[in-house]
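Working notes, structure below.
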Amino acid sequence: MADLKHLFLITKHPSTTQILLTSLFFISLFLLSSSPLSDFSHSLIVSSFTSRLLTAANFFSTTASDSNTLYSVSPTSIRVKNESKKIDSASKELTSCDIFDGAWVSDDSEPVYLPGYCPYVEDKFNCFKNGRPDSGFLRHRWQPHGCSVPRLDFECSIDFIKSPFLVQESEVLDVYGKRKETLRLDMIQESIMKIYRNADIVVFNTGHWWTHQKTNEGKDYFQEGNRVYEKLEVKEAYTKALHTWADWVDSSINSSRTRVFFVGYSSSHFRKGAWNAGGQCDGETRPIENETYTGGYPWMMRVVESVISDMKTPVFYMNITKMTWYRTDGHPSIYRQPVEVRGSSPASGMFQDCSHWCLPGVPDSWNQLLYATLLVSRGSLPYKSSGSVL
């Protein structure tokens with residue numbers, strides 16, 4: 001019963017809430033003593049009683065209107081206090097290493113959510129629902145050299161804004177009066193500007209869409225002001241877009257109120273061709289275990305690192321490129337579509353998805369790394385460390 005000592009504060013002038021709690025305490029004791037509980041252990045009885053009393057206390061503390069209330073109890077506050085100790089311990093450990101430098105190790109624990117269970121996972125990334133028969137790709141966790149990453153256990157609300165380029169997709173009229181798609185390199189996407197103001201944390205990312213045919217070719221697509229470039233190299237266009245993003249962040253986001261993150265480029269694993277030229281990744285069931293393997297560092301990340309280094313706003317850079325080099329097994333491949341759509345022998349006659357990821361899967365580790373970075377950065381500004389956090 002020792003845990004119950006935290007439930008009450010003895011005062012000379014008890015509040016309405018305290019009187020209700022005390023009454024509830026004795027009524028509960030009476031009911032317990034008169035109940036047939038001989039089949040249960042004492043610890044279980046006390047645990048059950050404490051849990052129910054805490055729940056009732058929480059109800060009274062949120063409904064009582066007595067302005068003289070001196071003390072209220074919330075089960076959440078007790079849990080948060082315990083979690084705080086764990087967080088402080090984890091924070092100290094995490095400051096000793098680069099969490100983006102490590103290896104994938106076998107792990108038999110369950111994924112953070114069950115395959116096919118999360119209602120927010122799009123069908124094209126729900127490999128379990130689409131018939132992927134193996135589950136080994138779920139049995140690995142990212143292990144940094146020198147420290148451990150805590151699992152995400154965090155109450156928050158999240159807004160997702162789809163903005164593949166961060167800058168505004170637009171249209172112009174060509175010489176024949178027909179509408180033509182363009183990408184405004186000098187204008188941040190409108191939807192981003194509408195929702196960031198009340199955010200404690202904003203996380204940005206752009207990369208793979210710049211490799212698609214239209215952007216990669218750069219013909220009559222990139223626009224600045226009223227000018228549509230007849231031809232502009234994608235690297236130059238990407239750099240211009242990142243500078244537009246950086247200028248907007250520097251001028252619009254209050255860094256004392258909102259922390260800014262940028263997630264790097266995740267690796268693709270197409271064999272025997274590009275995504276639209278017969279590229280494949282089906283049949284991969286294990287990560288690459290050779291830590292000396294490098295998939296090549298994307299040029300886009302060099303641009304990101306250069307732009308971030310010149311910003312006045314501190315930006316936490318999550319360099320996930322290396323950790324995704326090894327995960328050839330984590331893509332949907334042929335399991336982007338259900339079997340009734342792809343057929344029973346689809347490998348030789350369909351586009352395979354070797355750039356996105358099955359969920360649950362590799363991206364869940366990014367959330368853990370985001371959480372770890374938040375623990376390390378509490379009350380501090382981003383620091384420069386081996387290219388992983390800027």
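Each Cβ is built from the backbone N, Cα and C atoms, and glycine gets one as well.
As recorded in TrEMBL, the features of this protein are as follows:
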- 96-148: domain 'Trichome birefringence-like N-terminal' (DOMAIN)
- 152-372: domain 'Trichome birefringence-like C-terminal' (DOMAIN)
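A mean pLDDT of 89 is what the model gives for the domain 'Trichome birefringence-like C-terminal' (152-372). Residue counts of the domain 'Trichome birefringence-like N-terminal' (96-148) by helix, strand and coil are 6 helix, 10 strand, 37 coil (DSSP-based).
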